[in-house]
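Participant: Pulled these features from Swiss-Prot for this protein:
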| type | residues | note |
| --- | --- | --- |
| ACT_SITE | H157 | active site, proton donor/acceptor |
| ACT_SITE | K161 | active site, proton donor |
| BINDING | G10, A11, A12, G13, R14, M15, G100, T101, T102, S124, G125, N126, M127 | NAD(+) binding site |
| BINDING | R37 | NADP(+) binding site |
| BINDING | H158, G167, T168 | (S)-2,3,4,5-tetrahydrodipicolinate binding site |
Amino acid sequence: MGDMRLVVAGAAGRMGRVLVQIVQQTPGAMVSGALARADSPAIGQDAGVLAGCGEIGVKISTDPLRAVADCDGVLDFTSPASTMVLATLAAQARVVHVIGTTGLSPEHLARLDAAARHAVIVQSGNMSLGVNLLAALVEKAARTLGPEFDIEIAEMHHRAKVDAPSGTALLLGEAAAKGRNIDLPSHSLRARDGHTGARPEGAIGFASLRGGGVVGEHKVYFAGAGERLELAHVAEDRSIFARGAVKAALWGRGRKSGLYSMADVLGLGDKI
């Protein structure tokens, strides 16, 4: 089996350029295609040159059908609309689809579940080892500490991030909800303003900060009477997400079709 041919979607963006770099540095993987929006000034440029790793002979295009038809996997940190298009194409081509796109709605997730009948999909709000380990710890803490400890999740990202709470914050919220054996949507508290009254019992609160060039910071608070536990993760470089995504793609190659998470890739299931 030769190198895994990977298409980088959103190759002209910050995350896309890092993905190109990491794929080219990873043994057993290569960039076979690079996609960008039709209005991108990067169309026609060599993806490696744009990413700062030298010419790789792959020009950035706007044709996902052609790119996906000639690859083994897709690395997708784009938008929900683009992810849905790529999910359909990846399912048709039976290739691995690694999704780091955030802001996905329940309808989007249902469509991914359907696409996963025909392809390997690895979807996560965060691809880093540290965050996924944090999620496992949050689940255990929520289960162990019990409802007398209030759960609050705070996150901060760069000023250009368009969705809130972040996908990682929601990943951590889902982990906390699982630990408490509750449903996150019906217990999620995302806005406080004015006279809010007392904190709802059993709520999982979210606070989102935006500013500067912050890659990503997350902290989960378990606040009890007389004591507080804080679990945190700080991302200092986008390469941690790219390395996780490439690891997920290589892990998914040859695997049975289905919808997987980074916890599956990292084998975190029942180890904590």
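Even glycines carry a Cβ here, placed using N, Cα and C.
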Participant: Checking the recorded positions R37, H157, H158, K161, G167, which are within 10 Å of A12 (NAD(+) binding site) at the Cα level?
Facilitator: R37
Participant: Tell me the Cα distance separating G125 (NAD(+) binding site) from T168 ((S)-2,3,4,5-tetrahydrodipicolinate binding site), rounded to the nearest angstrom.
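Facilitator: The Cα atom of T168 ((S)-2,3,4,5-tetrahydrodipicolinate binding site) is 5 Å away from the Cα atom of G125 (NAD(+) binding site).
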Participant: Please give the NAD(+) site's span as the largest CA-CA distance among G10, A11, A12, G13, R14, M15, G100, T101, T102, S124, G125, N126, M127, to the nearest whole angstrom.
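Facilitator: Per the listed residues, the maximum Cα distance equals 22 Å.
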Participant: Count the other Cβ atoms sitting within 10 Å of the Cβ of K161 (active site, proton donor), across every protein chain shown.
Facilitator: 17
Participant: Determine which residues of the same chain, besides H158, G167, T168, have their CB within 8 A of the center of the CB atoms at the recorded (S)-2,3,4,5-tetrahydrodipicolinate site, and list them by sequence.
Facilitator: T102, G125, N126, E155, H157, K161, D163, S166, A169, G216
Participant: Sorry to bug you, but what's the C-alpha spacing from R37 (NADP(+) binding site) to R14 (NAD(+) binding site), rounded to the closest Å?
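Facilitator: One finds 14 Å between the Cα atoms of these residues.
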Participant: Between the binding-site residues A12, M127, where is the Cβ count within 10 Å the lowest?
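Facilitator: Comparing Cβ neighbours within 10 Å for the binding-site residues A12, M127, A12 has the fewest.
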